[in-house]
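Database features, via Swiss-Prot:
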- 1-64: region 'Domain I' (REGION)
- 65-143: region 'Domain II' (REGION)
- 144-155: region 'Flexible linker' (REGION)
- 156-204: region 'Domain III' (REGION)
Amino acid sequence: MIGRLRGIILEKQPPVVLIEASGVGYEVQMPMTCFYELPDIQHEAIIFTHFVVREDAQLLFGFNSKPERALFRELIKVNGVGPKLALAILSGMSAQQFVTAVEREEIAALVKLPGVGKKTAERLVVEMKDRFKGMHGDLFASDAPFALTSEMPKETANDAEGEAVAALTALGYKPQEASRMIVKVGKPDADCETLIREALRAAI
């Protein structure tokens, strides 16, 4: 099982990053809340991973910290929540925001996440609340707002918007809904990551 990667970032196509470790390139899917914090292309990164094996694919999901990975692993234990939905949940909310929403039983906030209906939101509250009791409360102590740690190369407006829509679609939003979310941001000159971040913020 692949649990950790340390290597050079070759490509960043939200929500997927290509990282080269020991001469091998690994495609890793990451929640956008983690993706924002990655260094620039050609810089070194350390990613904690969860490896999923299916009949038709082998998938790597990556996180910037062990607590974030631990939360992901608890999420996919919930009935009806697979890796893709867990990724979407942690893209729409930071780990701390999700923990807070569950502890306060904020169903209305949870149903705004892609793929999460009322029944799934209620299930998340019931099952995850019990799971949190067995986890250290200080694991998700940071409640800092989303922030990019480095400047990204500017794409053209059309490229940035297209990539942002594609990323939101990959996270579970319908194409038309994703397009509306990006248009609603109202920042035609923004880069792809900024568009995604602002769109997800507005959705919650």
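The backbone N, Cα and C atoms fix where each Cβ goes, and this holds for glycine too.
Taking DSSP states H, G and I as helix and E and B as strand, the region 'Domain II' (65-143) has 52 helix, 0 strand, 27 coil. Broken down with DSSP, the region 'Domain I' (1-64) shows 4 helix, 38 strand, 22 coil.
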